[in-house]
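Colleague: Marked as coiled coil by Swiss-Prot on the basis of sequence analysis: 581-643. Annotation source Swiss-Prot lists compositional bias 'Acidic residues' at 182-214. Under the heading compositional bias 'Basic and acidic residues', Swiss-Prot lists 290-313, 586-613, 621-637. For 340-355, 378-400, 492-529, 638-647, the entry in Swiss-Prot reads compositional bias 'Low complexity'. Summarising the annotation, Swiss-Prot assigns compositional bias 'Pro residues' to 356-365. What Swiss-Prot lists as compositional bias 'Basic residues' is 411-443, 481-491, 655-670 (among others). The phosphoserine annotation in Swiss-Prot covers Ser101, Ser285, Ser294, Ser331, Ser335, Ser543, and the record cites similarity to another entry as its basis. Under the heading phosphothreonine, Swiss-Prot lists Thr327, Thr569. The feature region 'Disordered' is assigned by Swiss-Prot to 171-232, 258-670.
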Amino acid sequence: MWHEARKHERKLRGMMVDYKKRAERRREYYEKIKKDPAQFLQVHGRACKVHLDSAVALAAESPVNMMPWQGDTNNMIDRFDVRAHLDHIPDYTPPLLTTISPEQESDERKCNYERYRGLVQNDFAGISEEQCLYQIYIDELYGGLQRPSEDEKKKLAEKKASIGYTYEDSTVAEVEKVTEKPEEEESPAEEESNSDEDEVIPDIDVEVDVDELNQEQVADLNKQATTYGMADGDFVRMLRKDKEEAEAIKHAKALEEEKAMYSGRRSRRQRREFREKRLRGRKISPPSYARRDSPTYDPYKRSPSESSSESRSRSRSPTPGREEKITFITSFGGSDEEAAAAAAAAAASGAATGKPPAPPQPGGPAPGRNASARRRSSTSSSSSSASRTSSSRSRSSSSSRSRRGGGYYRSGRHARSRSRSWSRSRSRSRRYSRSRSRGRRHSGGGSRDGHRYSRSPARRGGYGPRRRSRSRSRSGDRYRRGGRGPRHHSSSRSSWSLSPSRSRSLTRSRSPSLSRSRSLSRSRSQSHSPSPPREKLSRPAASPAVGEKLKKTEPAAGKETGAAKPKLTPQEKLKLRMQKALNRQFKADKKAAQEKMIQQEHERQEREDELRAMARKIRMKERERREKEREEWERQYSRQSRSPSPRYSREYSSSRRRSRSRSRSPHYRH
């Protein structure tokens, strides 16, 4: 049922479209053949009898029924004529004092212009009345001549003549010839030679082109018009007015035709072309959100460690300002000389980057280590609270020149320093991190970063660390272990990276206090026990200084994030929304284009595979056909020829069998 309804609806729609197209074609046809109605007006006169009966007609035309009119025997009329009762026709004598208003006078002059303008033009052109009447007669018989084309008009305009007519009794041999157009009035219309026929406006007679007349011709034309009841200067002024009106009507009609042309279902493309043509010369201004500049925000304060580490983590190459001189640790005792050297290195780095060195904090890391922490390639965990609300997994890839300087904590319990990002501790700040680092590390005590964890040396007697994180380190050189001296628990296990190392970390955080941040946290904390069982128990209280730092930075970071969100105006919100929509659309278009390219490539591959398979089939069929022909030929040849010796026939048959098996083997099929 639904299919029948759809079929009927399609049929009706097709009929409606056909009717519309037919109506448009009919309208175009009538517009094409439309002409001036005055051209179809014809007056025919012929002699006819008043009385159909011949006897009555003879009696009526006999001189007996004729009588002189008003006693004049030269003027005989029928006695049954009504004019016989007009005994006297008085002459009209206008009054001497006639009061005519200016409006009536102007109307009378306009009427005289409409009545006699054809005669004025004929008098100006020097054309007699007989020539005009004969031309009208020719036009009534054969119709008006076709309008000249544009090229002919230009040629004739150069010769100062539009269309030349030859009259039988024409004796006018002037250069100026006339163009003609039939009039609606009884007066004949003939024009001057330099007048151009108006093609579009049929209501206005063919006018003299007043723009091409000089002053003498204008004065002569006005003088000719004064004899027909017009004031001096009226004729040329009214001609100009008629020309302006004709141009206005022509323009309006062209606009109407253009609108009619670009209407309907079939001309959407034409309407679009017309719109593009109209907008081609117009300068289109960009939209408001694209015209305005980006809004500028007041700078807000951030912690120096956050800003510096964030800027460092985004750059993949070391900036020239941060390329520093590499210093090597020569003593591991945490002596005063080492602290002084670390402070000097921090001052040098601060002078290089234009920032003052950070003062050493009690209970925190040593000054040398604090200076080296600012040179690391990613955000430290103390500055990670700015991105505390992000819930996505972050990957940061950074390549920077990093090294670790300074000494370690001097621990009274002889515990080695461990990373705070312990993946299996049961504290609230648990993080699971995976890191993959590539590069060369030449270390004196084993390579280790913030995502590599090593057990205490109680289990291992040397410096080689055992990693509990899932990390793979590919290095051109093997890790060279240092000398195993006496049990020196405060010795350093730090390493230097002489080449920029790329590391990717996937950090998962389960606690709300520590965020998922784009960082390779390399901070270290003190542990209170070297043995693994004591480690797990003492892990929550392992780093009191870092915990205090985190507690202090949490509210500060909250304030910063609160202050870092300026209120957006509706225009800026709209701009952001528009930019997001544009980015989304651009990504969708790009994705669609890629999918289309992939699909086209897939189709091309399928076509190639099909062609290859068809070629393979054709070759196989050709090979089979050749083998059949060869077998037929061999069979016929063996019948016709004499049978050879048994030894020869045996060798021949074996060679044939061997060649046939080779040809049929799949290795030879392509």
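Glycine is treated like the rest: Cβ placed from N, Cα and C.
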Colleague: Could you count the residues of the compositional bias 'Basic and acidic residues' (621-637) that DSSP puts in helix, in strand and in coil?
Modeller: 17 helix, 0 strand, 0 coil
Colleague: Round to a whole number and give the Cα-to-Cα distance in Å for the pair Ser101 (phosphoserine) and Thr569 (phosphothreonine).
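Modeller: Checking the Cα atoms of Ser101 (phosphoserine) and Thr569 (phosphothreonine) gives a distance of 71 Å.
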Colleague: Please report the distance from the Cα of Thr327 (phosphothreonine) to the Cα of Thr569 (phosphothreonine), rounded to the nearest angstrom.
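Modeller: Answer for this pair: 52 Å between alpha carbons.
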Colleague: Determine how many residues of the compositional bias 'Basic and acidic residues' (586-613) DSSP places in helix, in strand and in coil.
Modeller: 28 helix, 0 strand, 0 coil
Colleague: If you draw a 10 Å sphere on the Cβ of Thr569 (phosphothreonine), how many other Cβ atoms land inside?
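Modeller: Excluding its own Cβ, Thr569 (phosphothreonine) sees 10 Cβ atoms within 10 Å.
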Colleague: Reduce the DSSP letter at Ser101 (phosphoserine) to three states and note it down.
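Modeller: The residue in question, Ser101 (phosphoserine), is coil (DSSP, three-state).
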Colleague: Among the modified residues Ser101, Thr327, which residue has its Cβ surrounded by the fewest other Cβ atoms within 10 Å?
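Modeller: Ser101, out of the modified residues Ser101, Thr327, has the fewest neighbouring Cβ atoms within 10 Å.
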